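Reviewing the structure listed below.
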Amino acid sequence: MGAFAYRYGVLHAESVSVNDIARAVGTPFYLYSTAALEAHYSAYAGAFAGQDAGVCYALKANSNLAVIRTFTRLGSGADVVSVGEMKRALAGGIPAERIVFSGVGKTREELREALEAKIHQINVESIPELEALSAVASSLGVVAPIAIRVNPDVDAKTHAKIATGKKENKFGIDYDQARDIYKLAASLPGIKPVSIAVHIGSQLTDLAPFRAAYERVAALLHQLRADGHDIQRLDLGGGLGITYKNEAPPDLADYAAMVRSITGNLGCRVTLEPGRSLVGNAGILVSRVIYVKQGLHRRFAIVDAAMNDLIRPSLYEAYHGIIPVAEPEAGAALEPFDVVGPVCESGDTFAVQRPLPPLADDDLVAFLSAGAYGAAMSSTYNTRPLIPEVLVNGDRFAVIRPRPTVEEMLAAERVPDWL
Ligand SMILES: Cc1ncc(COP(=O)(O)O)c(C=O)c1O
Ligand SMILES: N[C@@H](CCCC[NH3+])C(=O)O
């Protein structure tokens with residue numbers, strides 16, 4: 001668990017007791033460790049040291065400003081998928097020249113704002129987007145540096161809902177059409193193709209699909225150069241998995257060595273877009289058991305966090321470790337619990353028949369590996385205010401997003417005067 005560990009019988013985040021934070025901010029809340037965020041970033045920096053490579057953190061995984069700022073201080077760039085995220089990246093101190101803009105449905109207005117902000121690169125995912133970008137760039141009198149996101153038709157061997165690299169996917173351009181589209185791009189006013197982008201999916205736990213995709217990108221690079229395009233960058237996407245349960249994701253050193261073996265002598269600057277592997281295991285979700293309810297055949301732990309706070313289990317049947325904040329006695333017998341939230345959906349279930357130490361009303365529990373795609377995917381379903389996010393650094397902590405009151409939520413809405 002790294003930065004999250006039991007000390008004196010209580011779960012700690014670095015040097016702060018999770019009990020103390022719960023008392024101060026109330027449950028449920030997300031809790032992130034600065035030391036873990038920094039360690040994960042430094043692991044990338046270390047593994048790629050000596051290669052012409054840089055990290056553009058994929059903000060979508062966790063776009064809290066303080067998290068962004070933590071990476072800014074370490075020299076990160078950003079991969080953004082909306083103008084909202086672009087503005088977050090800029091507000092978090094990431095310089096425009098380190099921002100790449102991905103996504104299948106960028107609007108003309110978003111393209112205009114990205115060009116006006118002079119970001120590093122726009123990763124184009126379709127011909128209509130290319131034509132729209134050409135028109136917008138021409139109207140502004142600028143030239144847009146672009147990558148085309150190619151779809152290498154590689155099976156990422158991950159959950160179907162988070163695989164993006166197979167043929168006939170909404171993402172990217174078919175590999176076999178890539179040369180024609182680069183030719184079209186080079187012919188359009190306001191467009192300069194400078195890079196190739198690829199991203200085949202998320203939570204990959206095997207190097208082989210990455211290698212297959214990157215080899216196809218390298219082959220395409222040679223063809224594009226032969227076609228006369230001046231391509232000096234490769235954007236290799238994100239996707240490296242983390243351990244939620246017993247997955248064994250590739251070692252970063254092996255990943256970096258594989259990248260070097262494929263791209264080392266291509267004369268290209270490489271961009272990496274990790275999201276989950278930087279933040280996933282740097283965060284937990286802390287929740288309180290409201291009731292333990294004994295059903296006819298099973299026991300339910302009803303907790304105060306719900307699917308609106310952490311949707312991954314409902315959406316992808318994702319596994320998150322669950323541990324009590326009070327350290328269980330050594331050898332405590334495990335009992336199967338269904339861990340569920342209060343939302344009115346059967347899908348509001350975090351775990352089914354999970355063996356856990358005895359739980360009682362009011363106990364605090366922690367959902368592990370919740371730093372990525374947790375807070376970022378939360379909603380206010382059932383009028384549940386977004387939960388606080390807290391950042392620990394050594395022996396101090398700060399609320400980095402406070403819990404809005406229901407009154408504040410209501411004040412943001414408008415009832416027309418004809419009602
Ligand atoms: C284009 C792109 N880059 C980077 C990422 C980050 O992926 P991950 O969080 O799996 O590293 C994603 C999300 O899957 C993406 O779509
Ligand atoms: N949100 C997903 C991953 C999707 C990645 C975004 N491209 C998850 O929680 O695993």
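Even glycines carry a Cβ here, placed using N, Cα and C.
Sequence annotations record features per position, and here TrEMBL assigns active site, proton donor to Cys344. Counting only same-chain residues six or more apart in sequence, the Cβ atoms lying under 8 angstroms from the Cβ of Cys344 (active site, proton donor) belong to Asn382.
Contacts of Gly275 (pyridoxal 5'-phosphate binding site) defined by a Cβ separation under 8 A and a same-chain sequence distance of 6+ are given as Tyr57, Ala58, Leu59, Lys60, Ala61, Asn62, Asp79, Ser202, Gly238, Ala372, Tyr373, in order along the sequence. Under the three-state DSSP scheme, Gly275 (pyridoxal 5'-phosphate binding site) falls in the coil class. The pyridoxal 5'-phosphate binding site feature in TrEMBL is assigned to Gly239, Glu273, Pro274, Gly275, Arg276, Tyr373.
Cβ neighbour count for Tyr316 (substrate binding site): 16 (other Cβ atoms within 10 Å of its Cβ, all protein chains included). In the three-state DSSP scheme, Tyr316 (substrate binding site) falls into the helix class. As annotated by TrEMBL, substrate binding site applies to Arg276, Arg312, Tyr316, Glu345, Tyr373.
The average pLDDT computed for the domain 'Orn/DAP/Arg decarboxylase 2 C-terminal' (30-371) is 96. The annotation domain 'Orn/DAP/Arg decarboxylase 2 C-terminal' is assigned in TrEMBL to 30-371.
Here TrEMBL flags 36-279 as domain 'Orn/DAP/Arg decarboxylase 2 N-terminal'.
Per TrEMBL, the feature N6-(pyridoxal phosphate)lysine maps to Lys60. Reduced to three states, the DSSP call for Lys60 (N6-(pyridoxal phosphate)lysine) is helix.
Between the CA atoms of Gly239 (pyridoxal 5'-phosphate binding site) and Tyr316 (substrate binding site) there is a gap of 16 Å.
Residues from the binding-site residues list (Gly275, Arg312, Tyr373) with a C-beta closer than 6 Å to any atom of ligand 2: Arg312, Tyr373. Checking the recorded positions Pro274, Arg276, Tyr316, Cys344, Glu345, Tyr373 against ligand 1, the ones with a C-beta less than 6 Å from an atom of that molecule are Pro274, Arg276. For Tyr316 (substrate binding site), the nearest neighbour among the binding-site residues Glu273, Pro274, Arg276, judged by Cα separation, is Arg276.
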